[in-house]
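Here is what Swiss-Prot records for this protein:
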ACT_SITE  694  active site, proton donor
BINDING   15, 16, 17, 18, 114, 514, 515, 560, 604  5-methyltetrahydropteroyltri-L-glutamate binding site
BINDING   430, 431, 432, 483, 598  L-methionine binding site
BINDING   430, 431, 432, 483, 598  L-homocysteine binding site
BINDING   641, 643, 665, 726  Zn(2+) binding site
């Protein structure tokens, strides 16, 4: 029995990659220094994986920003607007990631989307000229040879042709048609080069196969691979899937020329049933994904061994594998000195998952009962308490009316118009303002008990004063307090709710250099005291204008945390919803007129198969949001915000959230959402996001005016809010102030024309 992993986290044990890239962005280091830091990290990771006894060690899973972009660049799928900048390869790569504004031109970044049902974001490759598609990059070969120099025969990992093709945004059908042919030739050339290098295994990741596949999808997949696999020669090909099962294509794969199939037995609800029904091919190896690549709880070896035993009825050719890339979990528990060992022993981050694979291999390769198995089973005895009877009783007492807000949206809109007295096209921001180094050091000093609570509060109050003053000077209509007390929109609430645990160093890559530290939902969740009330009251006391209360919604808190596995996601979310509901009512009682409840991650856990959308997610996720705000008065305006996602197909469900105003992150997707909003007569007021805050570009008044006009061409003016597309925490103040001034100027200009 051998073992494997799909991919390893690339940010480093202490986010070394993030800091190295940011240094380069700030012109504080050279290209050579950045590339050396990246190479050092790769070497460290390979040696770590090798030391852990992993047989199939991945290469080309490393990325300076995003692995989808890496695949696109490898095959020269680069939009002309980036080519025309005439930058060197590295800066052209980063121009696609972040946009570019300088002497060579002014271009926006590629659109960003959620990577399937995870909190990782990938960049959407754009193709306007298929003629140039060819194997022009060498990253995959270089990194294979780097590993080879260390004595490691690695397994290069690359996004498969079918998934890559499905993720590309093509200019038109003609471009797409030509791209199909050119991309196939480029992959064939890739196979030839890997054969020249005498590479043994190539892993092609095809996660798109876990969606509902149409007949056309299956035909396209077969068209690609029937040709491609004829060119594999001595190269062995592993078709790797994750985030679900292969029910639409599994029987066909058994008859294909792939040398191995990677199946996900964690999220693939039907993976085992498919093997039981159709068996497994004698000429193939099964890479069995049984170590959870998405959650941080320790593997129960008894369950894994039971699964392997069942699979061995159908094939003896099994490689132990992770369910998906380990990119989605933190690096290692060895950096967690503050978490009680009674909890920590039950966690396995990326490095610990390597150990689990090593243990399982050893247990399966030994004849008598192994002490490693006994030690693992001991972990699950004497688990710390998770239950809270008060929370259970409160959930049990919920009635149907607790999930419905009255009066109707139409009636509320009239009441709020009279009560709030806002101008046409009201301007606002999404919530957070830039967090400078002094804000972060003040928070750290307070956490480390180096300053008093009073000093900490006074510092933040001063920051709030400055933030309110800046917004008033700019001329925004609805203000925010800036969120200087918050490290992260989910972690902050988790820290103030009972039932959560926190890591010191549990960083996970969200996109590019952005890393998040998800909390762990350990037990039943409740609110023991107000969380944001004092900050919101203080901010509102500083201005005659409305200052929004800012909260994170229950579905986002759940989706951006590591969830419990002992109760349903529905129950966990309802517990969080009741806690946030208490906060909403406190804010309203304190005179806060607009309360924003962000559901940035609503789309995130939507099942990948449409048939499961309602029964497994939306039927409880939407009511959980309703539970949070159903108790407020008609005059209180409820806002929500949603991040990078595709919403077109769930807009009716979003409307059913019954918020009064919804802001979307739509600027990177060229506001394509507007047509759908118009088509379904979306009733909620909307702020589609008029510029992209994930890029350092400052939009001009002209650019913003055109965007606002574009929105007005699609939606009634009474329905529109003007705002950036996300919070401003990661930007610099000079960018923010100029951008917001331009936003207000553009809005005033448009108002005069209406």
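Numbers run from 1 along the shown chain.
Backbone N, Cα and C define each Cβ position, glycine as well.
Neighbours of the L-homocysteine site: apart from 430, 431, 432, 483, 598, residues of the same chain with C-beta atoms within 8 angstroms of the site's C-beta centroid are 429, 480, 489, 550, 596, 641, 727, 729. In this structure, residue 17 (5-methyltetrahydropteroyltri-L-glutamate binding site) is part of a helix by DSSP. Taking the Cβ of residue 431 (L-methionine binding site) as reference, residues of its chain lying under 8 Å away and at least six apart in sequence are, in sequence order, 480, 483, 489, 548, 550, 596, 598, 641, 727. Look at residue 432 (L-methionine binding site): DSSP puts it in a strand. The binding-site residues in question are 483, 598, 604, 665, and the one with the fewest Cβ neighbours inside 10 Å is 604. Under a cutoff of 8 A between CB atoms, and with a sequence separation of 6+ in the same chain, the neighbours of residue 515 (5-methyltetrahydropteroyltri-L-glutamate binding site) are 11, 15, 18, 507, 508, 509. Note on proximity: among 432, 643, 665, 694, 726, the recorded positions of the record, the Cα nearest residue 604 (5-methyltetrahydropteroyltri-L-glutamate binding site) is that of 643.
The Cβ of residue 643 (Zn(2+) binding site) has 23 other Cβ atoms within 10 Å, all protein chains considered.
Per Cα geometry, 643 is the residue among the binding-site residues 432, 643, 665 nearest to residue 114 (5-methyltetrahydropteroyltri-L-glutamate binding site). Of all the binding-site residues in the list 430, 643, 665, 726, the shortest Cα-Cα distance to residue 694 (active site, proton donor) is found for 726.
Note on the recorded positions 15, 694: the fewest other CB atoms within 10 A surround the CB of 15. For the recorded site, residue 604 (5-methyltetrahydropteroyltri-L-glutamate binding site), the DSSP three-state label reads helix. Sequence-distant contacts (6 or more apart, same chain, Cβ under 8 Å) of residue 726 (Zn(2+) binding site) comprise 430, 641, 643, 665, 689, 693, 694. Cα spacing between residue 17 (5-methyltetrahydropteroyltri-L-glutamate binding site) and residue 432 (L-methionine binding site): 25 Å, rounded to the nearest whole number.
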